[in-house]
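For 33-53, 73-96, 108-130, 142-157, 164-186, 192-212, 219-236, 248-271, the entry in TrEMBL reads transmembrane segment.
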Amino acid sequence: MHLAADYPHRGGGRLGLGPFAAAVLRTDNRRRAIAGGAVLASALLLVATPRLRHSPALHLFADMRNLLGVPNTLNVLTAYPLLLAGVPGLILCLFGGGCFGISLRWEALGWFLFYVGNVGAAFGSAYYHLKPDDDRLIWDRLPMMMSASSLLSILVIERVDERAGLSCLISLLSLLLVSSACERILDDMRLWVVLNLVPCVAIPAMLFLFAPKYTHSRFWFLATGFYLLARFEGLADRKVYSVNRYFISGHSLEHLCFAMVTLILTVMLSFRNIKITRYQST
């Protein structure tokens, strides 16, 4: 029996790559090529898309009811489950020691930024929805996009390579700042739209293309389902609001689904361990 890192050699001399290991290496190379193609496709989409101007209609949400003296009440209140889900995870990241199954330094940084983004989104989103306008919008967008970028980078660190994941994290966070500047200074939202689209496509793709390092990886699929549902509900804000007879809007449900993503991933971190795959020697 050999660990996954030990590749048997039939020739009897020095160790080398056996047929199975060579096949695994070819598969990894193909997957990396697919990932590179996805990056190129995102860049082409950005260049090919016409300029998207900022519209004041972005601040007009389906549910703008004023209940108990709080403007846009449900959009404000539904932001706080993000705080309830994010604070325990943030505390465990900082002080939990072995409570979370995190084995790499930069992976720990990614999870820390993910939880910081959740806590920031709770306050930032509530602040924005009390009086939606251009000046407050960045406090709603940036923390949540930081969380999404961190999640994608965590997957790259775990399933591809630690350095590649760190580069991904730094690049995405830098692009978030650039996208905000483009929107405010150049009145162009293209980069922000692409950065929203990338995690929606890349995270599910990586779950299927790359093998997990840890156990309990099924939680990733569940969390991704809620993440995609949240994005759909945000886009279908008015439609969702009318379908449920004006009880709760799609944007408010988007907040709640994002909180569920955080809760699911926190449970996953609490239970998972490093997965060691063994192969029968030949």
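Positions of Cβ are set from backbone N, Cα and C atoms, glycine also.
At the 8 Å Cβ threshold, with sequence separation of at least 6, the transmembrane segment (192-212) lacks contact with the transmembrane segment (73-96), having fewer than 3 such pairs. Beyond the transmembrane segment (108-130), the same-chain residues lying 6 or more positions past its ends with a Cβ under 8 Å from any Cβ of the stretch are 61, 70-72, 75-77, 79-83, 85-87, 89-90, 93-94, 100, 102, 136-137, 139-140, 142-148, 150-151, 153-154, 157, 165-166, 169, 173, 255, 258-259, 262, 265, 269.
Remote same-chain residues near the transmembrane segment (142-157) are listed as 104, 106-107, 110-111, 113-121, 124-125, 164-166, 168-169, 172-173, 176, 180, 195-196, 198-199, 202-203, 206-207, 210, 220, 227, 258, 262, 265 (criterion: CB distance under 8 Å, separation of at least six residues from the stretch ends). Take the transmembrane segment (73-96) and the stretches 164-186, 219-236, 248-271: counting Cβ pairs under 8 Å, 248-271 has the most.
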